[in-house]
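This report refers to the structure that appears directly beneath it.
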Amino acid sequence: MEKFNEWDHIFKLDPNKHLSDDNLRKICTSGTDAIIVGGTDGITFENVLDLLERIQEYDVPVLLEISDIEAIAPGFDGYLIPLVLNSREKKWMLDAQHHAVKEYGDVMDWDTVLTEGYCVLNPEAKVFQHTNCALPDEEDVLAYARMAEHMFQLPVFYLEYSGTYGNPELVERISEELQQTTLVYGGGIRSAAEAEEMSRYADVIVVGNIIYERIDAALETVQAAKESKMD
Ligand code: 1GP
């Protein structure tokens, strides 16, 4: 988990979506730095465990992004705990996490746990609606980033545009602000050019949906992210 800040590219797989064995092999052997298992709807213990077991055939780190306390399976290399900074409800910032720690605190291996400060920026995204977010403007996002780094000292600040391509100028501005906290960008990356662009500013990019639509385009984002870092 300490490598998170050394990674450039992550694929996010949704346990509620079908991926053929062949395409799963391509994703896991693509050279990506890690796989996150996560999603918003239909996440169950069974489908999380099934996907974990399929990914474990390959030599790639696999992390679970916890969205439902009932769907926490053992065996992941790491566990990501999102705090939704721009939710209107304390539930998504504190209460769900409190509930999880109360339930599992005795058996948690804290070395495998990483907290992510999420800022959700696409009002059409399921996660935006599910967690009852308020749409932040640019100054709000900057303030959340500063809070993530200086007040909460979070290891990760995640600019989440899930489903739509975000504003690279905003990502650039936030990247200039964060020194210690790792900046993760996710949302709408559908080509090598987009991966390259967001990788100029974000420490790590996350690629999700395109995996299920155009596997070849998804695979091209790995090298693009890596090359962007070398420029
Ligand atoms: C979703 O940030 C990830 O949580 C990736 O977004 O599915 O739009 O690629 P996409």
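Just so it is clear, glycine is given a Cβ too, placed from its N, Cα and C backbone atoms.
Predicted, not measured: the structure shown is a model, and the values here were computed from it.
The candidate list LYS3, LYS12 contains one residue that TrEMBL assigns to the sn-glycerol 1-phosphate site with TYR158, LEU159, GLU160, TYR161, SER162, GLY163, GLY188, GLY208, ASN209, namely LYS12. For the binding-site residues listed here (GLY163, GLY208), the lowest count of other CB atoms within 10 A around the CB belongs to GLY163.
Under 8 Å, Cβ to Cβ, and six or more positions away along its own chain, TYR161 (sn-glycerol 1-phosphate binding site) finds LEU121, ASN122, ALA125, TYR185, GLY186, GLY187, GLY188. Recorded residues LYS12 (sn-glycerol 1-phosphate binding site) and THR40 (Mg(2+) binding site) have their alpha carbons 12 Å apart, per Cα-Cα distance. Rounded to a whole number, the distance between the Cα atoms of GLY208 (sn-glycerol 1-phosphate binding site) and ASP14 (Mg(2+) binding site) is 8 Å.
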